[in-house]
Amino acid sequence: MKNTTQNPKQAAGERAAKLVKNNMIVGLGTGSTTAYAIKELGRRVADGLDILGVPTSYQSAFLATENGIPLTTLDEHPVLDIDIDGADQVANFIAIKGGGAAHTREKIVAESAKKFVVVIDDSKMADVLSHPVPLEVIPAARKLVEKNVAKLGGKTQVRMGVNKDGPVISDNGNFIMDADFGKIDDPVSLSKELSYCTGIVEHGIFTNVDMVYIGKKDGTVKIISLRNL
Ligand code: 5RP
């Protein structure tokens, strides 16, 4: 279906927002693509849609509130109906996330949802993942993580702030390290190895993607689904 916009991120975000129905508890992802979904949900809430949102970051909480979406928490609603979030790269229904340093909360929310929907523009689809993997790291573990990730074949870099001197500090008060592994032939194994590393709070490989909404430059959206949902 063709959207009226020529912006691929907007097309994907707004189209995915149509999956949300009355009385749903909705995970609200982080980033510029999800922002279009949140704004569209805000428009629908103004028209009477009754939902509660669970934000994945300060960014999505602020945006949801500005757009009139009532918020709740995972304590009150531990199971979500759907989560809509962006990604930095997707291949074979596995996503790399964390370009906005929010992947820890994003993963908690995604794994709490019955359906995890990723919204991207088509430049982010790949045959094999190769994007650097964001790691949220306890500051005191920076050198240990650098050493242990090197043993797995990755080269890490502490992410530096823009308009802030020194490192990016996540919403949880930790560093972000981007780990470049080149082509990642076995992302499931790498995901497990990174989860074993002391000092890594969470990594940006998401293996639970159910659907991908891929926006194209002509305003069309390709939808791919892992199974019938
Ligand atoms: C934030 C994320 C974002 O969803 C990802 O970086 C994509 O962002 P955008 O939609 O702005 O391209 O994982 O941590």
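For all residues, glycine too, the Cβ spot is worked out from N, Cα and C.
Record check, TrEMBL: substrate site residues include THR30, GLY31, SER32, THR33, ASP85, GLY86, ALA87, ASP88, LYS97, GLY98, GLY99, GLY100, and the candidate from LYS115, LYS124, LYS143 also listed there is LYS124. Within its own chain, GLY99 (substrate binding site) has GLY31, GLY86, ASP88, PRO134 as residues 6 or more apart in sequence whose C-beta sits under 8 angstroms from its own. In the three-state DSSP scheme, LYS97 (substrate binding site) falls into the coil class. Closeness to ligand 1 is met by THR30, LYS97, GLY99, these being the binding-site residues among THR30, LYS97, GLY99, LYS124 whose Cβ falls under 6 Å from the molecule.
The substrate site, placed at the center of the C-beta atoms of THR30, GLY31, SER32, THR33, ASP85, GLY86, ALA87, ASP88, LYS97, GLY98, GLY99, GLY100, LYS124, has further neighbours from the same chain whose C-beta lies within 8 angstroms: GLY29, THR34, ILE120.
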